[in-house]
Ligand SMILES: *[C@@H]1O[C@H](CO)[C@@H](O)[C@H](O)[C@H]1NC(C)=O
Ligand SMILES: *[C@@H]1O[C@H](CO)[C@@H](O)[C@H](O)[C@H]1NC(C)=O
Ligand SMILES: *[C@@H]1O[C@H](CO)[C@@H](O)[C@H](O)[C@H]1NC(C)=O
Ligand SMILES: *[C@@H]1O[C@H](CO)[C@@H](O)[C@H](O)[C@H]1NC(C)=O
């Protein structure tokens, strides 16, 4: 009996399925450490939970570190390296990136269980997922198998990372450069549903915005006067304010409700509601938490997939702060 496999159209169809499977398959897999470090996920979860219990803001800090790692030369833990000419000391990180001690603790706990196996890049990715989940946000299967980079380039960080003072077009260009689109920009901005920002990151909106002699007119008046009193001219620029004053530690869709009500904190937050390319998505997320959670989950996985080092590239760092 001839098997159906000799049917030419079936062979073509099978080949096509095979090709498609190969081309969409990520190089990373969720079961990467299943045999080499079976308790990895529980260990990271425990460490992150303890850190957040100690300081709730740490959830936002860990999430931001993953973003700042991935946007610059891919998710390779280059942001953790201590060299003074590295990313850690670039504009967007110097005196604002946080969580390094927490990640040291996670790495140490992981090393005690399975030495020399798990990359710092994967530890950041799992920690960011846990930070979101433990704040009430969505969860997802983290893809793993990244290796750690041996280069941390401050110049690249300074041009690749976003600032709070850009237009949506500028933000979009930076996202596009790493394969992220407008949906990713809006959904990932929703990370500002948790955490705090320094006065210095939004005070330019409060008194004389863009040389107009007046505050940013898109900022709702009650919030404006509150921010003006918290962040006066020549005040303490290190002072921090909640991104989402409705629920500072809860990961929900209130960030988008705020934008619709003119209560975005950063210029780059509020612009998402006025720019033609992003308004409708902000509106949709403000009305539908599940839609936001679902898109956020997908965008986090996509972001975690930016140019990972795999196979024999890079290394598994012993200490996340230094190359081996
Ligand atoms: C980082 O901040 C420190 C302390 O404020 C400062 O001394 C140093 O010059 C900054 N580094 C860079 C590269 O800007
Ligand atoms: C850092 O990256 C820039 C381009 O972004 C490049 O010109 C420079 O040579 C790099 N520096 C190092 C030390 O690799
Ligand atoms: C962005 O990419 C995702 C797939 O990763 C896609 O579902 C979504 O429609 C895209 N958004 C835009 C605005 O192109
Ligand atoms: C606002 O800033 C502009 C440009 O920096 C300046 O010319 C103007 O005098 C300022 N207005 C006020 C009221 O401070």
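Just so it is clear, glycine is given a Cβ too, placed from its N, Cα and C backbone atoms.
Per TrEMBL, the features are:
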type	residues	note
ACT_SITE	68	active site, proton acceptor
DISULFID	37-114	disulfide bond
DISULFID	70-75	disulfide bond
DISULFID	120-320	disulfide bond
DISULFID	199-231	disulfide bond
DOMAIN	27-324	domain 'Plant heme peroxidase family profile'
SIGNAL	1-26	signal peptide
SITE	64	site 'Transition state stabilizer'
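The least crowded of the disulfide-bonded residues 37, 120, judged by other CB atoms within 10 A of its own CB, is 37.
Just so you know, of the disulfide-bonded residues 114, 231, 320, the Cβ with the fewest other Cβ atoms around it within 10 Å is the one at 114. In this structure, of the disulfide-bonded residues 70, 199, the smallest number of CB atoms within 10 A of the CB marks 199. Residue 231 (disulfide bond) falls outside any helix or strand according to DSSP and counts as coil.
The two recorded residues, residue 114 (disulfide bond) and residue 120 (disulfide bond), show a Cα separation of 13 Å. Put simply, 75 is the one of the recorded positions 64, 68, 70, 75, 199 whose Cα lies nearest to the Cα of residue 320 (disulfide bond). Of all the recorded positions in the record (64, 68, 75, 199), the one with the smallest CA separation from residue 37 (disulfide bond) is 75. Reduced to three states, the DSSP call for residue 70 (disulfide bond) is helix. Taking only the Cα positions, the spacing between residue 231 (disulfide bond) and residue 120 (disulfide bond) is 37 angstrom.
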